[in-house]
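These come from TrEMBL:
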DOMAIN    29-232  domain 'Thiaminase-2/PQQC'
BINDING   D62, E100, E154  substrate binding site
ACT_SITE  E224  active site, proton donor
Amino acid sequence: MPSEFDGSFTDFLESAPGGRFTDWLAACAEPYWSDACSHPFTVAIGDGTMPEEAYARYLIEDYTFVTDLASTLGYLVAKAPGMPAKSRLSGFLALLTSEENDYFLRSFEALGVEPQVYETAAQGPVTRAFSQLLLKSSGQGSYAEGLACLLCAEWCYLTWGQREAGKPRPDAFYLAEWIDLHAMPGFEAFVTWIRAEMDRIGPTLPEPEQARVAGLFRQMSKLEVAFFEATWTGKVPGPEDDLLRT
Ligand SMILES: Cc1ncc(CN)c(N)n1
């Protein structure tokens with residue numbers, strides 16, 4: 001778990017010479033970053049204690065999130081500076097809209113969630129806040145801002161996915177495959193690439209832009225916690241909830 005930090009990247013380098021820009025982002029997002037990666041919902045995916053009802057609730061919300069994530073990737077493909085980055089991002093977009101989409105459809109069927117439910121599901125307040133942040137950052141913000149949001153979402157899932165992959169797989173295929181999708185070598189390679197891309201670009205940004213990028217990563221981490229919390233407990237947070245505040 002990174003220690004909490006609230007200084008600039010230059011300050012961070014003074015305390016951790018040679019430190020990575022992405023390590024600074026994670027440290028600035030504490031405690032939310034670690035809370036997201038270790039949320040009880042993620043542990044229950046791997047240890048076979050996940051209630052079906054909570055997982056169905058999660059998948060319905062997450063399908064709307066992943067739909068907006070696909071649009072986010074479209075914006076990032078357009079903004080990426082050259083072919084190597086466009087190729088990485090579009091490769092992941094292809095995976096999301098094929099293999100991962102297929103995973104959702106098979107899981108909905110197994111859990112008895114009808115197409116009209118997941119195709120027309122209204123987003124709850126957390127997913128709405130997520131979508132606004134993702135789509136605004138990648139559509140109206142800079143490449144670095146959109147990339148910071150993508151990094152947080154995928155790095156968090158790689159972190160818990162790899163941890164849970166160290167245990168025997170649960171019986172339900174929808175839990176076992178969700179772990180595999182987030183622990184497989186191709187996914188790890190993609191997250192390693194996003195980190196390297198952010199580590200390359202981040203240090204070249206002016207300080208106010210670095211701070212904006214760190215703020216987005218922190219807000220995304222907060223929303224990852226709120227998302228797990230809402231699907232785990234079934235409680236819908238109101239506007240007064242700290243996790244929804246920017
Ligand atoms: C909320 C959320 N965050 C991240 C991921 C990983 N793509 C996801 N499926 N859902």
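Glycine too: its Cβ is placed from the backbone N, Cα and C atoms.
TrEMBL: automatically predicted annotations, no manual curation.
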E100 (substrate binding site) to the residue listed as 'active site, proton donor', Cα to Cα, whole Å, comes out at 19
Distance [Cα-Cα, Å, rounded] between E154 (substrate binding site) and the residue listed as 'active site, proton donor'
11
Mean of the pLDDT scores, which run from 0 to 100, over the domain 'Thiaminase-2/PQQC' (29-232)
97
Nonlocal neighbours by CB distance (under 8 Å) for E224 (active site, proton donor), same chain, sequence gap 6 or more:
Y32, A36, H39, C152, A153, C156
What's the longest C-alpha separation between any two of D62, E100, E154, the listed substrate-binding residues, in angstrom?
14
According to DSSP, which of helix, strand or coil covers the residue listed as 'active site, proton donor'?
helix
Listed in sequence order, residues not in D62, E100, E154 with Cβ within 8 Å of the centre of the substrate site Cβ atoms
F65, V66, L69, L96, A153, Y157, L181, H182
Where does D62 (substrate binding site) sit in DSSP terms: helix, strand, or coil?
helix
